[in-house]
Amino acid sequence: MTTSWSDRLQNAADLPANMDRHALKKYRREAYHRVFVNRSLAMEKIKCFGFDMDYTLAVYKSPEYESLGFDLTVERLVSIGYPQELLNFVYDPTFPTRGLVFDSTYGNLIKVDAYGNILVCAHGFNFMRGLETREQYPNKFIQRDDTDRFYILNTLFNLPETYLLACLVDFFTNCDRYSSCETGFKDGDLFMSFRSMFQDVRDAVDWVHYKGSLKEKTVENLPKYVVKDSKLPLLLSRMNEVGKVFLVTNSDYKYTHKIMTYLFDLPHGPKPDSSHRVWQSYFDLILVDARKPLFFGEGTVLRQVDTNTGKLKIGTYTGPLQHGIVYSGGSSDILCDLLGAKGKDILYIGDHIFGDILKSKKRQGWRTFLVIPELAQELHVWTDKSSLFEELQSLDIFLAELYKHLDSSSNERPDISSIQRRVKKVTHDMDMCYGMMGSLFRSGSRQTLFASQVMRYADLYAASFINLLYYPFSYLFRAAHVLMPHESTVEHAHVDIHESESPMATRNRCSLDFKDSEFKRHHLTRSISEIKPPNLFPQKPREITHCHDEDDDEEEEEEEEEEEEEEEE
């Protein structure tokens with residue numbers, strides 16, 4: 001009887017020491033069903049699944065929802081005195097991307113890498129060339145920590161605002177009625193700085209969201225603005241079977257109730273043959289008015305919502321967790337107490353890299369899942385335009401060939417100008433496949449600030465959290481090795497390093513036996529005491545002590561086993 005690979009791989013004795021990588025190709029799910037891993041996470045250790053609502057459970061349709069927000073913000077600006085001509089602008093989804101930085105001094109939209117190096121710079125609709133950029137940023141670099149000047153437009157809600165800033169700067173720079181200045185524009189004796197304009201836009205956006213008609217118009221036509229996924233009840237019900245599920249949203253109860261009712265307004269329950277269930281039944285805890293990111297710090301008073309009126313009941317809620325109660329405010333500490341969970345027991349799923357992901361990880365140690373809707377298009381370009389990526393690799397090979405037989409004694413200077421021009425052209429074509437500002441994650445070979453934040457703070461990420469449906473709850477999401485250039489560009493072949501070729505070859509940490517006392521005495525110039533230290537040398541670990549992956553650590557399992565043994569005694 002033959003044994004399948006699946007059976008053999010579950011028996012430590014049958015595991016092969018090594019294998020030809022072509023003999024057993026690693027299984028990967030379809031790209032659009034994948035969950036991508038920055039830090040290893042064992043799903044069986046997760047006891048609570050937490051969700052944000054806006055752009056997570058409720059995905060707003062693009063560009064319809066951004067267009068609505070854009071139009072309402074423009075109307076608000078015109079109502080406070082901005083020119084009527086602005087009403088002619090229409091939201092263009094091909095221009096903005098998330099993660100751009102607005103320079104409130106010069107009015108520029110800037111795409112930067114993790115260190116503040118400028119990748120793309122646009123003044124209005126004008127994409128600035130290198131010389132133009134260097135006139136305002138001599139080193140093509142910005143100080144990102146200067147938050148008074150530089151504002152990061154990181155969220156999906158920022159997309160209409162990003163495009164509106166470009167529209168305004170372009171309008172006031174090119175309209176004949178206004179005189180353009182380096183830091184703003186003039187209308188006769190009136191001067192408006194880009195900083196003041198930016199603050200007006202920020203105030204208008206806040207007004208539209210909190211006092212205006214954005215939510216009202218969204219609710220009036222939910223099919224137009226909100227994506228409904230029939231798989232949502234199924235995933236939440238499966239999560240209910242293995243742990244607790246909670247909702248934490250900054251939205252108020254009335255809006256939350258209308259959105260969630262629409263999402264679960266299906267003719268069936270979790271399965272096609274099951275009866276319909278109200279949305280509240282899928283959650284062990286529902287919390288509105290969270291005021292994230294404040295929620296992950298000191299928080300606010302925990303109140304109870306009267307679900308009949310939507311108003312808050314007086315007094316602070318001090319009771320235990322009760323199914324069906326809707327809470328308002330509170331903090332992540334209070335939530336953990338109600339759920340009986342600690343930091344790493346919780347997987348929190350959200351779209352806001354600062355309000356949801358960064359703060360929940362840094363302040364509470366929650367495991368994090370970032371929803372990135374743009375990832376669907378990024379993957380499409382990555383696969384559909386593979387010929388462009390392959391051409392860039394070929395150009396790298398051509399470049400290496402030109403320098404192949406040259407060293408520091410060579411006077412020959414190969415003409416690489418044609419290859420450089422081609423690299424720039426292919427890179428530009430590749431960037432334009434994503435949109436005018438290029439990819440959300442990179443510009444050419446360099447990763448963006450947004451990409452670095454995703455890698456730093458999100459344990460998992462995907463285009464949609466629904467992709468968790470395609471993984472068992474016992475799954476180990478194991479992070480791939482992050483290779484440095486000396487690892488990714490050097491093949492796994494034995495290389496002999498001779499001391500004559502490289503004096504650095506003597507810096508070998510494993511070949512010499514430093515435990516030889518004679519070797520040590522030979523190098524000592526001071527006298528040796530007859531009284532010896534308890535340990536002359538460190539001992540090589542005989543067991544696995546180095547924590548390579550966050551969820552590879554077996555200490556927690558050992559502690560749980562010890563606790564179970566104590567309880568049995």
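Cβ coordinates come from backbone N, Cα and C, glycine included.
Listed features, source Swiss-Prot:
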type: BINDING; residues: ARG144, ASN154, GLN453, ARG456; note: ATP binding site
type: COMPBIAS; residues: 540-549; note: compositional bias 'Basic and acidic residues'
type: COMPBIAS; residues: 550-569; note: compositional bias 'Acidic residues'
type: REGION; residues: 530-569; note: region 'Disordered'
type: REGION; residues: 548-569; note: region 'Required for tetramer assembly'
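Surrounding the centroid of the Cβ atoms of ARG144, ASN154, GLN453, ARG456, where the record places ATP, the chain contributes additional residues within 8 Å, namely GLY99, ALA114, ILE152, ILE353, PHE354, LEU358, LEU449, PHE450, SER452, TYR457. Contacts of ARG144 (ATP binding site) defined by a Cβ separation under 8 A and a same-chain sequence distance of 6+ are given as VAL101, VAL112, GLY116, PHE150, ILE152, LEU449, in order along the sequence. GLN453 (ATP binding site) is surrounded by 19 other CB atoms, counting those within 10 A of its CB over all protein chains shown.
Classification of ARG456 (ATP binding site) by DSSP places it within a helix. All protein chains included, ARG456 (ATP binding site) registers 14 other Cβ atoms within 10 Å of its own Cβ.
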